[in-house]
Amino acid sequence: MAYLRQTTAQEWVSYFIGSEPYRYHCWHRSSEQWFQQGKVHHTFGMINLFGGVFFLIITTMVLWAFRSHNIMKSSCYKILFVSVIISWFEVMTLSIWPAFMLLQGGVFCSYPFIGMVVGRSLTMEWISGTSLCIYLEINRLADMTKNYFLLELFDKPKKVMFVILLVVLYSLIIACFTDPCLYDSLRRGYSINPNNGMTPSLFSSHSIQMYNSIFIILLFLILTVIIYKLCTEHENCWRGSSELQRKIMLQSLFVCLQYVIPCTFNLCITIWNTMESPQCFIEGTHILFQCFACFNGIICLLFNRPIRVRLLEKTGLRKYVVQPSRRGAQSISKSIV
């Protein structure tokens, strides 16, 4: 592990001074030869491109509807807002960049520096997204149980923003000092091996495997507590909450689901060497990641009437807004953590 950390630091220095690091070197072939190693896929490239642009538009519109809305006073919606921002970048790295590589027939060594930046960005997005998922579930647990210690974590906006910034910071650190996932048009998927002729044993994903395992364990423990509270204190925890609080609880569970399923598949990939996995398994896993990348924006639209209303108003479709009953309007403005 010390060797990997030292090598990673040296690799960053190599990139900054304009040379290629040893493990990711591409100097033994010309650019034309590297493109010959890849394979152009016009159909898959266009599907990725149009799908990515479509979901970028949806995610951007959701962020637009979120902006300056009064629901942003809630810490829960602050976390959801940042999660949607992360989803926007995930669409870029999981759809737009693969579309470019597929249409060009590129491999890692075709665009080594950009590929390295995109790969580390994907790692950062994954770490920050899963960490905010845990933070969101703790937020829902605090709101449901009214535990004083948990509520203290969300009683001030500065505390919430500090935790979010802390998550982004350590995600950046982890992304900088772990081996990134690199996209290859030949495999039509991501892998830690740049496929540049180096020995596969030089590349490791053990730290990401460990993180994914910890994420699943922590999330399982939190969900166990939530389910236990719902089963033993059903009247107080579920029926005693407002309709908005119940919707946010379900929304939080769906947001976490978008990370649990890909995380499980990711663990399967790391156990079963990606370079030797069947092509259908590699492509299927990448498609799964792509589908869940846009999940946050769609979930926010489905579960949040204020976001839908604001989106319709901003797009000139205000006449399609259905006015809620007086009771429903009050429930929307009810205070939540």
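Placement of Cβ uses the backbone N, Cα and C atoms for every residue, glycine included.
The feature transmembrane segment is assigned by TrEMBL to 44-67, 79-101, 113-138, 159-178, 210-231, 252-275, 287-304.
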Segment-segment contact (the transmembrane segment (287-304); the transmembrane segment (113-138)) at 3 or more Cβ pairs under 8 Å: no
Same-chain residues near the transmembrane segment (159-178), Cβ under 8 Å, at least 6 residues beyond its ends: 5, 8-9, 12, 75, 78-79, 82, 120-121, 123-125, 127-128, 131-132, 135, 153, 205, 207-208, 211
Beyond the flanks of the transmembrane segment (44-67) by 6 or more, those residues with Cβ under 8 Å of it: 77, 81, 84-85, 87-88, 91-92, 94-96, 98-103, 188, 290, 293-294, 296-298, 300-301, 307-308, 310-311, 314-315
